[in-house]
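Undergrad: Pulled the feature table from Swiss-Prot, pasting it below:
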TRANSMEM  27-47  transmembrane segment
TRANSMEM  97-117  transmembrane segment
TRANSMEM  130-150  transmembrane segment
TRANSMEM  176-196  transmembrane segment
TRANSMEM  204-224  transmembrane segment
TRANSMEM  254-274  transmembrane segment
TRANSMEM  308-328  transmembrane segment
TRANSMEM  351-371  transmembrane segment
Amino acid sequence: MNQGIDLQESFIKSLTDLGLSGGLAKAIWMPLPMFLMIIAATVGVLVCVWLERKISAAVQQRIGPEYAGPLGVLQPVADGLKLVFKEDVVPAKADPWLFLFGPILVVMPVFVSYLIVPFGQNLLITDLNVGIFLWISLSSIAPIGLLMAGYASNNKYSLLGGLRAAAQSISYEIPLALSVLAIVMMSNSLSTIDIVEQQSGYGILGWNIWRQPVGFLIFWIAALAECERLPFDLPEAEEELVAGYQTEYAGMKFALFYVGSYVNLVLSALVFAVLYLGGWEFPIPVNALAGWLGVSETNPWLQIITASLGITMTVLKAYFLIFIAILLRWTVPRVRIDQLLDLGWKFLLPVSLVNLLLTAALKLAFPFAFGG
């Protein structure tokens, strides 16, 4: 298999060729991936917000953002600047420390989770053997921040929103993890790189979405609930709870919740693309592309082309899913809290357990097709 271009090795080699020591070159490299990750996640959020505004406008037969840049593309930037310059108000009876750490606990795990998202064979920050386990573990931290924010606000609407958020997250975290375990069982690995490689070789027919149709539906429903997207936005239902746990927040603290929600949506779409849609894999095999271009598979320019195509394919798959999530928000009504919990505990949980057991049985019966 073509191993692709190793960005870390190439970057360090370039600096050492300029006369820098190996230790200094590695020290310069270390903060770069995290910086690029934060920049990429922020840009992804800006694109997502712009898509949300334009798609919602199209659904409602409006124009949407139009004046802030061409087609209103700078409107999310203007919204962000507005929030930056707003006054940061802390309610008089709120707990100031918990009020501060609530949004931080919500946002930080989501950004750290981008560590395990691969955009190519070597295009990820770190290839952990337990990457999927790390993502599930980090996603379980956010409800603590939501509950903390609701409790610290000393507001009945905020507290109810925080309690709803915690209940919703716990209810859907388990089916989400069980659906991912079925993929892990087929791939024999918790590494996101190995999961994508397990889907390679057969083009679109090798994607896990065909071998895990039930699992992919469970994952998608649970991911929407984890992101608190309609029809699962019970923690911040405007008609019932004003803004839920966000009611007392303003300025940058509110912006952290806002950014965290969209960063989590983009992350969920990227993880879905990696687990079920082949990640960076595209229909044309690398050896066929090399034959058409008349170059070797190890040619540096071919590696750059395949890396660019891998990034493009991963992002396109993710934003297709985001498009579906946005359409669902503006076309599906909100469920009640009892319906939400019944769906998670009485339907998704048993179905995900049966799906996991069925995957284990199929793995034993058909090891070639199910990763034996």
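Here the Cβ of each residue, glycine as well, is placed from N, Cα and C on the backbone.
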Undergrad: For the transmembrane segment (351-371), which stretch among 97-117, 130-150, 176-196, 254-274, 308-328 has the most Cβ pairs under 8 A?
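TA: Stretch with the highest Cβ contact count: 176-196.
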Undergrad: Restricting to CB pairs under 8 Å, which listed stretch, 27-47, 97-117, 176-196, 254-274, 308-328, is in contact most with the transmembrane segment (130-150)?
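TA: Stretch with maximum Cβ contacts: 97-117.
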Undergrad: Can we call the transmembrane segment (97-117) and the transmembrane segment (254-274) in contact, meaning three or more C-beta pairs below 8 angstroms at a sequence separation of 6+?
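TA: Stretch pair touches.
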Undergrad: Taking a Cβ cut-off under 8 Å, which residues six or more beyond the ends of the transmembrane segment (308-328) line up next to it in the same chain?
TA: 4, 47-48, 51-52, 55-56, 59, 118-121, 123, 220, 224, 227, 229-231, 265-266, 269-270, 272-274, 277-282
Undergrad: At a C-beta cut-off of under 8 Å, are there same-chain residues at least 6 beyond the transmembrane segment (254-274) that contact it? List them, or none.
TA: 41-42, 44-45, 48-49, 80, 83-84, 86, 103-104, 106-107, 110-111, 113-114, 117-118, 135, 142, 149, 192, 195-196, 216, 219-220, 223-224, 226-229, 245-246, 314, 317-319, 321-322, 325
